[in-house]
């Protein structure tokens, strides 16, 4: 409600501001429920294995099939997504996701093949509308209000990831049927989807889609000529490359230290330590959101603390690059302190979450500001596609390096230090991400102006084409 009130104040001159808030809330809710449905299945794998009588390799097919479908969908959205009206595409893909998610449970109750196939198709549909949510937010809001809306989407998604695992754990331990969550999430998405449908076309103020296949292809590949987009994608790829490997291997590092040095953790159980770490990093993000994002917005617009100063277009990339550099230092410090002081690690973890806020909330807004408005879905899809593909081998490469560093030793000490140095080597990618954001600082203002000019050119071309018809 606080965020909604802030957006209302930012859109005080809009006659449809309350409808805008309703639609934005519904878009966020559908996206969050899709995250619950995607992540939640990880916590209920044991009963699924028992139900279908699977081994580990067969169980992994669930994730593999969904990942393939997700990647293919991102590629299709990049090439063809902006040929269609974004609102209709969102409604269609969300409806398909709901239907296929429910069918995967009911029709696939006795067939693992049907369950996996339908769930993979549902994952493809969810990938489509999750790309469209930020684009639709950009169609509805501008400037500071857009930043607040994107901040809500990003933070809600982060919280949903952790909450989904907690809910799944409760389902498994309480004796509730494992299908409960997989049925509940898509059913709950029906109400917000109907709200978006009933809101009508007037709420989301999107540009006309590119009906021409030639112009759609030209625009899709033309995105790669935008320097800010290239460096934003490179920065996101570097960050995600490290985070994917770090999130995969860091629990193993913790487990080795916890097993051999339990006094360092004050006798706490390992699940409790994981819960505390999660709570601390979320606390860092919660504290960072009301500080970093308003600071960057005020600096850019010349308001608040910066009242009386000119607009500073480079404010967003400067803040994000500083936050990314802080996060890089915090990751390095956490890895070095892990076997020395748990309290110190928690403090550093808090500031890690604090530093991550800038990239998590402002990077996507910067991307939307430098691409043509009628190619927003394509740009987000291409960005997500590249970032996801680059991160695929990260955990494997860290594991290979750890094996080389450990050699033939089976001692816990050697195992921990192999993990430690392997992860330290790959923190180079977080530094590289910060460097990429420095290049964004250089090119961002010019690319923003080009995007605005492109909108005017597209409007002129559309008028010429209509008059020719």
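Residue numbering: from 1, along the chain as shown.
Including glycine, each Cβ sits where the backbone N, Cα and C put it.
Note that the coordinates shown come from a computational prediction; the quantities given were computed from them, not determined experimentally.
Lifted from TrEMBL, the feature list:
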DOMAIN    23-448  domain 'Major facilitator superfamily (MFS) profile'
TRANSMEM  21-48  transmembrane segment
TRANSMEM  60-80  transmembrane segment
TRANSMEM  89-108  transmembrane segment
TRANSMEM  114-133  transmembrane segment
TRANSMEM  145-171  transmembrane segment
TRANSMEM  183-204  transmembrane segment
TRANSMEM  224-249  transmembrane segment
TRANSMEM  269-295  transmembrane segment
TRANSMEM  315-335  transmembrane segment
TRANSMEM  341-362  transmembrane segment
TRANSMEM  382-401  transmembrane segment
TRANSMEM  421-444  transmembrane segment
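Counted over residue pairs 6 or more apart, the CB atoms of the transmembrane segment (421-444) and the transmembrane segment (315-335) come under 8 Å in at least three pairs, which marks the two as touching.
Mean predicted confidence for the domain 'Major facilitator superfamily (MFS) profile' (23-448): the pLDDT average there is 87. Scored on C-beta pairs under 8 angstroms, the neighbour of the transmembrane segment (145-171) with the top count among 21-48, 60-80, 224-249, 315-335, 341-362 is 21-48.
Take the transmembrane segment (60-80) and the stretches 89-108, 269-295, 315-335, 341-362, 382-401: counting Cβ pairs under 8 Å, 382-401 has the most. Counting Cβ pairs closer than 8 Å and at least 6 residues apart in sequence, the transmembrane segment (341-362) and the transmembrane segment (89-108) reach fewer than three and form no contact.
Long-range contacts of the transmembrane segment (224-249) within the same chain, counting only residues at least 6 positions beyond its ends with a Cβ under 8 Å from a Cβ of the stretch, are 324, 331, 359, 363, 366-367, 370-371, 379, 382-383, 386-388, 390-391, 394-395, 397-399, 402, 419, 422-423, 426-427, 429-430, 432-434, 436-437, 439-440, 443-444, 447, 450. For the transmembrane segment (21-48), same-chain residues at least 6 beyond its ends with a Cβ under 8 Å from one of its own Cβ atoms are 4, 7-8, 54, 59, 62, 66, 90, 94, 97, 101, 122-123, 126, 129-130, 133, 136-137, 140-141, 149, 152-153, 156-157, 160-161, 163-165, 167-169, 171-172, 178, 181-182, 185-186, 188-189, 192-193, 195-196, 199, 203-204.
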